[in-house]
Amino acid sequence: MKQEKELERLEGYVDCRNRPALHGKHGGMLAASFVLVVEVMENLAFLATASNLVTYLTGYMHLSLSESAVTVNNFMATSFLLALLGAFLSDAFCTTYIIYLVSAIIEFLGLVILTIQARSASLKPPPCFPSSPACQSMTSSQVAMLFGGLYLSALGIGGIKGSLAPHGAEQFDKDTVQGRNGRSTFFNYFVFSLAGGGLIAVTFVVWMEDNEGWQWGFGISMIAILLSIVVFVSGSQLYRNKKPTGSPLTTIGKVFAAAIFSHRPSQCTIDSNAGIDHSLGTADTVPSNELTFLNRAVEDDQCIKFLHCTIEEVEDVKIVIQLIPIFLSTIVLNCCLAQLSTFSVEQAATMDTHVGSFKVPPASLPIFPIIFMMIMAPVYDHVILPFARKVTRTEVGITHLQRIGTGLVLSIVAMAVAALVEVKRKRVAAEAGLLDSKDPLPISFFWIAFQYLFLGSADLFTLAGLLEFFFSEAPAKMRSLATSLSWTSLALGYYLSSVLVKIVNSATGNGSHLPWLKGTNLNHYHLERFYWLMCALSSVNYLCFLFCATRYLYKRSGTKG
């Protein structure tokens, strides 16, 4: 009986009470289902704040359109970039279970601050009426409260993004086909849940923000995060939690340092068996022929014993390095996605947003890609993927890199469509004599839906593919950190968007020429040129991705991407 219990243990995993996790009792789709429900609430809170934030900053906090766009991009970028911190702590010191709970509490506190500010007139600048000579700017204390609340929320969001997806994926066995397929299904439905939370955020919550006040928007986000904690804790008895294995960054740093210093001339005595790590003792532990300069790290130089590395550590670092080019090639796509929450919202705001007698808030436009993602996620998992497996006679059917590449192609199409739609919008404004007016243009906002649809499709293919790709390919001790690269790509995309806006304005605002993306009236922007620029950058980026992907060798199958 004792031997059977030993066999039931999941090596490297514990339950919520730090006892060994057991097969059949901890993990599986039921445990992961709690994570999926939590993701609905978590992303509801995040997007309810971010998707309409430009409107709040311009209309209530009196920032200019360009300042608001940069602020929103930086807020979202910081949120995603901080996923690295949450993931690092999950791998090195705490379980993903603990990191999620702490991060959710931090986000809750940030939303409390934002709710209080939105509710109190004394904590915001006075309303700005058309008859006012000038809008009063925020005071220093109001600025501090606004950005304090935003970036405290961003810290919590980052911790959640870095821990929640890996926590759900860890509920499946990596050594069985059933477990790997279950994990693939989890990632598809993780994107479905993410879209589900976004759907509520950009419809119901945005309507509340526009019609009942922003205190309701922040308040609903606050309640959603609180409920997510309750749901997450409810599944505690079912979770298996991967034990932290020490800092992955320390391992990476040690391997590089050992590789650099191991061949330096020294007076030390070198072991005659240098180059082979006998502690692992099997023929198949000889260092690989990829990135061979790192193989120096396993040489047993007695002068630098503290830098001695095992072959396993060296191979783990090689895998991480090989993931970097794929990660870098997705940043431009996420720069395109950044436009959905800034310029695209402002485009829609100039158009006729009525559907019958109902006026649709511009910030609700993401409903188009969200609904498409919610339809396509189960279709992909239950129809497209099984069909692809039968056709290719492989376990994966469609490789992760093929899925990511499809998303990159769709982003190119999306930017071309966005440019053409902007040309049409400005032509309508000119023909109607409304170039200098802020009145709605006689053109339906449904035209903007096309760029949302293509970018939403790109996001569906790329995000789910990236999450599963990084989690599957990364070494076990670095999975959270590697998975967080998906969110880091989003962060760098939003930062790149802010930088590009500044570079474009600086480069195009010479002499009598106004910058492409500056001014109080969007009709005088050259947004279509910016979109064509994004289309060109996306095309070059895809060629770089294609070069890297065709040379990538999958860790488990040994096949090329």
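Glycine residues also receive a Cβ, built from the backbone N, Cα and C atoms like all the rest.
Keep in mind that TrEMBL annotations are predicted by a computer and have not been checked by a curator.
According to TrEMBL, the transmembrane segment annotation covers 27-50 (among others). With a threshold of 8 Å between CB atoms, the same-chain residues lying at least 6 positions outside the transmembrane segment (27-50) that come near it are 10, 13, 21, 72, 75-76, 79, 100, 104, 107, 111, 114, 153, 157, 160, 164-165, 167-173, 182, 185-186, 189-190, 192-194, 196-198, 200-202, 205-206, 209, 217-218, 220-222, 224-225, 227-228, 231-232, 234-235, 238-240, 341, 366.
Feature annotation from TrEMBL assigns transmembrane segment to 70-90 (among others). Away from its own ends, the transmembrane segment (70-90) comes close to residues 46, 50, 53-54, 57, 63, 96, 99, 103, 150-151, 153-155, 157-163, 166-167, 244, 247-249, 338, 341-342, 480-484, 487-488, 490-495, 497-498, 501-502 of its chain (Cβ-Cβ under 8 Å, at least six residues beyond either end).
The transmembrane segment feature in TrEMBL is assigned to 97-116 (among others). Here the transmembrane segment (97-116) has long-range neighbours at 16, 38, 42, 45, 49, 86, 89-90, 123, 145-146, 148-160, 162-164, 167, 215, 218-219, 221-222, 225-226, 228-229, 232-233, 236, 239, 241, meaning same-chain residues at least 6 beyond its ends whose C-beta is under 8 angstroms from one of its own.
When Cβ-Cβ distances below 8 Å are used as the criterion, the transmembrane segment (143-165) is approached by residues 35, 38-39, 42, 46, 49, 61, 75, 78-90, 96, 99-100, 102-114, 117, 123, 187, 190, 225, 467, 471, 480, 483-484, 486-487 of the same chain, each at least six residues removed from its ends. What TrEMBL lists as transmembrane segment is 143-165 (among others).
Residues 29, 32, 35-37, 39-48, 51-52, 165, 168-169, 171-172, 216-217, 220-221, 224, 361, 363-367, 370-371, 373-374, 377-378, 380-381, 460, 463-464, 467-468, 471 of the same chain sit 6 or more residues outside the transmembrane segment (186-208) yet have a Cβ under 8 Å from a Cβ within it. Marked as transmembrane segment by TrEMBL: 186-208 (among others).
Sequence annotations record features per position, and here TrEMBL assigns transmembrane segment to 214-233 (among others).
The feature transmembrane segment is assigned by TrEMBL to 323-343 (among others).
Taken from TrEMBL, the feature transmembrane segment applies to 363-383 (among others).
The annotation transmembrane segment is assigned in TrEMBL to 404-423 (among others).
The annotation transmembrane segment is assigned in TrEMBL to 443-471 (among others).
Counting residues 6+ beyond its ends, the transmembrane segment (492-510) has Cβ neighbours under 8 Å at 66, 69-70, 73-74, 76-77, 80-81, 330-339, 342, 516-518, 526, 530, 533 in the same chain. Sequence annotations record features per position, and here TrEMBL assigns transmembrane segment to 492-510 (among others).
Residues 290, 322, 325-326, 329-333, 335-336, 339, 343, 399, 401, 404-405, 408-409, 411-412, 415-416, 418-419, 422, 473, 500-501, 504, 516-517, 560-561 of the same chain sit 6 or more residues outside the transmembrane segment (530-554) yet have a Cβ under 8 Å from a Cβ within it. The transmembrane segment annotation in TrEMBL covers 530-554 (among others).
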